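Undergrad: Just passing along the structure, written as structure tokens.
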């Protein structure tokens, strides 16, 4: 009995010690949270109303940066189709321009409203929305795939084309680009507050903007802008210098056979592009290695081997662009890889989305978060100060659901009436069916993007190509109908995921959902005007635009058109044994993705990406070498000084991309004005050079 009492006392004491230890642990945790709290830093700063977040100066800066970023995205679209995330560049340049302006006004005593992180978020949202239209507008894919330039390269359905025109491109984008925004609005609370989706890019951008507006972050941002400016100037001047040596075809530094003439013939050379060195510094290492591996596999092994089968597998007298020859193998095998990778990720994200929704709805009372990997269940008993403040302000400025529904229905009605006048092949009932299913697909894409940071807009567009193209049939303009349907679908699902990312950024920077929605609307409207004008400049300035082997080959325009042909005509258009190779590569893409998922994140980073591998199959791997040089520079820099590489690497890369990208504007204007470079620098073999000398001497 006495012993039991002592034991009970010991147990009680143990419980007291545990409670005391638990309280100390809890107090310590609260102190740590207090130290790590972002909103405590900004506690004394008043949050401007949603109207005051949308300042005139922010919109002016957004317009200027939108032109810059639309030019950059257009150049990337028309060369390789690889578009890195430009959020950091947009946030950094927006901060720099407004900070410079407000500092000048402050010294003059004219500053009425200080520069806030909410205003910075508005600029970033507006710029990314605008430059996003340069991608989803299809200028390097479905829209340019309709043109006569691309159609005449192929033997099938070469008479079915619609040449670009500024009027119909702007009209088309205005009637299809806003639907995705209205479809995402009713789900903003569910996505951000209830499901607590991470949206990695949106979260990273928010942390970046928050850091800019702290004292230490502002100092670092100034240094980053200085570095960006230096490399911007270098890149711009390097592009200008190279221009002097490009007086004819095959001239200039871009044609330098750095790995030998034979390698140059097979598209293996360093073309001195500052843009793709910068892209290589931003893209993950495995993406750059994947592109290089794809180039080695295709241009180093497969195409030379298939070329030896000329006269056996395909006729020897075909035109170089015929899909019944070597070109067919290049295009359709690349398409098979893209489809395999895209469809695998589509079903993976869809299954995760459905599973997450099921668990979320099933355990709604138990937890407010999704069962996402690497995230433990949140404590429902306590809500952090940051979360309380953010949730309160996020729910304060509501956008009425009736407004979103009315907006969607109105624009859908206008679009259903208007688009068939632009594309007679795309009947009104095809568009109506797309708009009935589009909100569900937009939700899936926005939800999946929140889980994985992966937007599958191109894959949804591809599905529209096959469904609508097959429905219309070859005799009723199925190729153009499929490509136009792709545009309708891509714009809806792409803008929906973009707005959801922006809502997450706004949530973390205390920016109003209303200001995010309005800035996205304004940015989209800017993009609908700026992007077609930038493309028109390229189209008029560079006469060989879209031609294989040219400065701007627009590879995805050919790929998308061939998908439309495949959807309409089936496999009859493929050359001998091409279908078996397509099956093999389609299966290989699925298998590679499966292996990546089975191995887990730690080992999966060493497995190549099939989508990235497919890009050089058609255009060659010259840009892959540039990207790998960028990766190598960053890798060595990280080994020497990781802290500086992490802080200034994105600024260096952005400077290289922006400088070379903006040089495209003056070079296009010079081409339109008929001003030609004075020098042609060519590289010849010794034997060819001897023949040229003998000819000139005779």
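Using N, Cα and C of the backbone, Cβ positions are placed for all residues, glycine too.
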Undergrad: Pick from 2-21, 22-41, 82-101: which range has transmembrane segment per TrEMBL?
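TA: When 2-21, 22-41, 82-101 are checked in TrEMBL, transmembrane segment belongs to 82-101.
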Undergrad: Suppose you had to name the range TrEMBL annotates as transmembrane segment; which of 399-416, 543-560, 597-614 would you pick?
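TA: Among 399-416, 543-560, 597-614, the range TrEMBL annotates as transmembrane segment is 399-416.
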Undergrad: Considering only the recorded stretches 122-145, 165-187, 399-416, 578-595, state which has the highest number of Cβ pairs under 8 Å to the transmembrane segment (454-472).
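TA: Highest pair count goes to 122-145.
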Undergrad: Taking pairs 6 or more apart in sequence, does the count of Cβ pairs under 8 Å between the transmembrane segment (165-187) and the transmembrane segment (54-76) hit 3 or more?
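TA: Answer no, regions not in contact.
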Undergrad: Who are the chain neighbours of the transmembrane segment (399-416) in space, where the CB to CB distance is under 8 Å and they lie at least 6 residues beyond its ends?
TA: 175-176, 178-179, 182-183, 185-186, 188, 428, 431-432, 435, 439, 488, 513-514, 517
Undergrad: Between the transmembrane segment (82-101) and the stretches 122-145, 285-306, 479-497, 517-539, work out which stretch tops the count of Cβ pairs under 8 Å.
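TA: Comparing 122-145, 285-306, 479-497, 517-539: 122-145 has the most Cβ pairs near the transmembrane segment (82-101).
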Undergrad: Counting CB pairs under 8 Å, which listed stretch among 122-145, 285-306, 517-539 touches the transmembrane segment (479-497) the most?
TA: 122-145
